[in-house]
Amino acid sequence: TKFILHGLTQDRTVAKVCCLLFSLFYTTTVLGNLLIIVTIRTSDRLNSPMYFFLSYLSFIDISYSTVSAPKLIHDLLMEEKTISFVGCMAQLFGTHFFGCTEIFLLMAMAYDRCVAICSPLRYPSVVSRRLCGCLVAASALGGFVHSLVQTLLVLQLPFCGPNNGLDHYFCDVHPLLALACADTRAVAVGMAVSSGVISLGCFTVLAASYGVILAALRTHSPKGRLKALYTCSSHILVVLLFFGPCVFVYLRPSITLPADKVVAVFYTIIAPMLNPFIYTLRNQDVKNGMRTLWSRALKR
């Protein structure tokens, strides 16, 4: 009926420090991404497909971090860290749903940049508002199918106890497989294919798309080349921050490593927090939109 989470640390002093830090990180994630969403939705100038995708990326970052961060912050102050079986499955589903949706959305953003740079004259007609909506919907559908497969594979496993200690701070695939009272090798292969191959495959496609972009930039003027690189570098940095930890965790045999918890903190809490800073500090249009929003707020 429930699992006992081992959490990040058993040291009470370290736990209190982590609780304070992660509370700050999560608050920054929510407020920073909300600011981007409101800025894009209220600005007349930020109406291009790139900002359309960016607003949804911010929404997914908030949702993705919310699946695990509040529970982690709460458990850092608790002596006994437990989660119900239903809550555990919901957390597993939510983590993979928002994580996989973000992966597909990053691919959609790469496609947008590729068309904008390689075919600038055709860009307005090719990347229409309808296509952008379809790409966002397809990303969510892909994330739903992936997370449903992961959750159903776990649900068919027997968890008979008495060992119900989950060596993690949230419910994920590898720690759950370690608790199952059955041979999990076939399930582990299925999960590695579902999670690892998606991560590695999408990363390969993204790398290829940016290879095409770099090749196309050779025909641009120095000023145009610099502007395009400046815009794309933010997206490339987000891709590296998100895909690196995901490939490390999911593209390997179903074993739990001591480093998994630290890596998981990075892609569930730190990366969603950094995204707003990466896009705002390197994007003059977004900063101008925020100044306009601030000016409107002061006038009211």
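Every residue, even glycine, has its Cβ placed from backbone N, Cα and C.
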Given the ranges 55-73, 131-149, which one is assigned the annotation transmembrane segment in TrEMBL? 131-149
Spatial neighbours of the transmembrane segment (263-281) not adjacent in sequence (6+ beyond its ends, CB under 8 Å) are 8, 22, 25-26, 28-29, 32-33, 35-36, 54, 57-58, 61-62, 64-65, 67-69, 72, 95, 99, 168-170, 172, 234, 237-238, 241-242, 245-246, 248-249, 287, 290
